[in-house]
Amino acid sequence: MSDQNTATPPPKRSFMQSLEVDLRLLGMVGAFLAVCVVFNVLTDGRFLTPRNIFNLTIQTVSVAIMATGMVFVIVTRHIDLSVGALLATCTAVMGMTQTQWLPDMFGFELGHPLIPWITIAVGLFVGAVIGGAQGWLVGYQGIPAFIVTLGGLLVWRNVGWWLTDGATIGPLDQTYVLFGGIGGTLGAFWSWVVGIVATIIALFAMWSARRAKTGHGFPVKPMWAEGLIMGVIAAAILGFVAILNAYTVPTRVVARDPSLFGCEVAEGCVAAYGIPYSVLMLIAVAIVMTVIALRTRLGRYIFATGGNPDAAELSGINTRLLTVKIFAMVGVLSALAGIVASARLGYHTNDIGTLDELRVIAAAVIGGTALSGGIGTIYGAIIGALIMQSLQSGMAMVGVDAPYQNIVVGAVLVLAVWIDIQYRKRVGTK
Amino acid sequence: MTTPLVEMKNVSIAFGGVRAVDNVSIELHAGEVVGLLGHNGAGKSTLIKMLSGAYKMDSGEIWIEGNKVSINSPRDSRDQNIETIYQTLALADNLDAASNLFLGRELTTPFGFVDDSRMEAETRKIMARLNPNFKKLKEPVSALSGGQRQSVAIARAVYFNAKILIMDEPTAALGVHETEMVADLIKELKAQGLGIFLISHDTREMMELCDRVSVMKNGQMVGTERVEDVTEDDILSMIILGKNPKAAA
């Protein structure tokens, strides 16, 4: 037991090995940047403007939130085709709650400060219950997830229609719509505060992880590599904040009510949007889901079940209950995405979230989640969603017709999975 | 005679009309290795899977150290300090050795998060004892050789201070050297007072390692004999003919 630590000096390692960076992450980020640069050239520099980047992020949020949950579903070898329809039912419930049920049945006046929060709680609860029920059918009754959620796709899309009599519901509560994007942002000062705090937390987390490793006598990467990665992360966070802060509120908007932007008069008043609340929500979801995946028993069991369901069961893991939990999580995330989607529109419409299930699955898969189970990352799914949205917005800006856009997105989906398979073959992992 | 560590009394299980295990009784004492022999499909694995909680028996009783227990799930079995090494190893291929070793029993930090560093350190310790050549701690177990995978599965059973160990063909995938290591380990664990059920097709190995052997055929128990009292030929004829030559004599 004495010589368990490597006594021999570690073999010489290449630059990339020293960094210990996931090459697939690097590949995805590279692909995303390539898409951005190509469109930037094609649009004569209109793609990589603060304004377009701002729009890109708020357009991605809804799909990205659901994609983080889809990762867990696909990792456990299931699929969820119902997320878009589930989103519609949740927004229908939330729309009705805030505009009719609360005011009519419980006597809340429109604009009452509790309305948005009760609405959101109701929406998340409905998402959890529907998702959990679908999970119960899959886990305990043994119906394939494909069938349960294909049924769900038809059922929930039209339950939403039934609840609203097919009508568009709105306008929605003033506080509620702040979660939509451009209407609710932090402003320059608080964006910087968030950015700096996030940077400090990220660097501290990396440093304490390194200390925990050395505490057990495990090998760690060289100091320069650690420093370089810390530098890149800090630059990425602060750079992102700087870009969002560089998108200033148009003067005619400021002119409507200068006091909102901290100015006395509209003249010479410059205000920045900063980080939208919806993007903050996505970041929070991403952190929570990543912690679940990597640092909790729940996450460990999700990946173990995906890798070998029999082994998981023989290890005493309740895989049936696990399935219920995963689908309930997706339900909650669909409701959360529904908040963002309906708040962005300002209305609940019948067709909200249509085809989102396919975008969400594609985002997860482009992000490296394997349909054979056991493999997938949260950050991958978010980058996947970003790539999809960039392609679509970019093509729209270039003036590609909608049918051609779909042809390209479909081809990219297949291509991305093919590249991933080739990569895994080469490095010899499944 | 002391109370047996494990007593399975008249257990039966059927799968859609096939009586996979039919009214079988078997017992195991502390510090004893009992071998289970028989053709494929004789019911050996099925019998021990009822003890390990993978299958639920239709009828019969299980007694552990003189207490009647009910084992309905793998977790119940683990709660009785029964550990199992399955023929298929039951490893999650996409996870590393430490995650597999602690699967279902993760070490956690005071905040309830999984403590990967501590699990890895513990894994290094036990691997240094079981298989000093084992170095691939960071890689998913799918990247390991058959012998290395086997040692992960064995480490998982040994780490948690089992009283009763079930080994379903633990050497089937191993080379000569590794097989010897497993044999030494079985002797060591036996000396520590564990009771071990061993399943194997290798009659000679069984004669060497076991104190008693039980032979099954078509879901029924043919007989149980002390290895000193029988020859290898006796055992083979029990396996093939399904009759106990000593009982007949």
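Glycine too: its Cβ is placed from the backbone N, Cα and C atoms.
Quick look at what TrEMBL annotates:
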TRANSMEM  A:21-41  transmembrane segment
TRANSMEM  A:53-74  transmembrane segment
TRANSMEM  A:81-102  transmembrane segment
TRANSMEM  A:114-130  transmembrane segment
TRANSMEM  A:176-207  transmembrane segment
TRANSMEM  A:228-250  transmembrane segment
TRANSMEM  A:270-294  transmembrane segment
TRANSMEM  A:326-347  transmembrane segment
TRANSMEM  A:359-387  transmembrane segment
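Packing against the transmembrane segment (A:21-41) from elsewhere in the chain are residues 47-48, 229, 366-368, 377, 379-380, 383-384, 386-387, 390-391, 394-395, 397-398, 416, 419-420, 423, 427: each is 6 or more residues past its ends and has a CB under 8 Å from a CB in it.
In this chain, the transmembrane segment (A:53-74) lies out of contact with the transmembrane segment (A:114-130); the count of Cβ pairs under 8 Å, excluding pairs fewer than 6 apart in sequence, is fewer than 3. With Cβ pairs under 8 Å as the measure, the transmembrane segment (A:326-347) is packed most heavily against A:53-74, out of A:53-74, A:81-102, A:176-207, A:359-387. Long-range Cβ contacts of the transmembrane segment (A:359-387) within its own chain (Cβ-Cβ under 8 Å, at least 6 residues beyond either end) map to 24-25, 28-29, 31-32, 35, 56, 60, 63-64, 66-68, 70-72, 74-77, 79-81, 83-84, 282, 286, 289-290, 293, 303, 306-308, 409, 412-413, 416-417, 420, 430. Distant neighbours of the transmembrane segment (A:176-207): 54, 58, 61, 94, 98, 115-116, 119-120, 226, 229-230, 233-234, 237-238, 240-241, 244-245, 261-262, 271-281, 339-340, 342-346; these residues of the same chain sit at least 6 beyond its ends, with a Cβ under 8 Å from one of its Cβ atoms.
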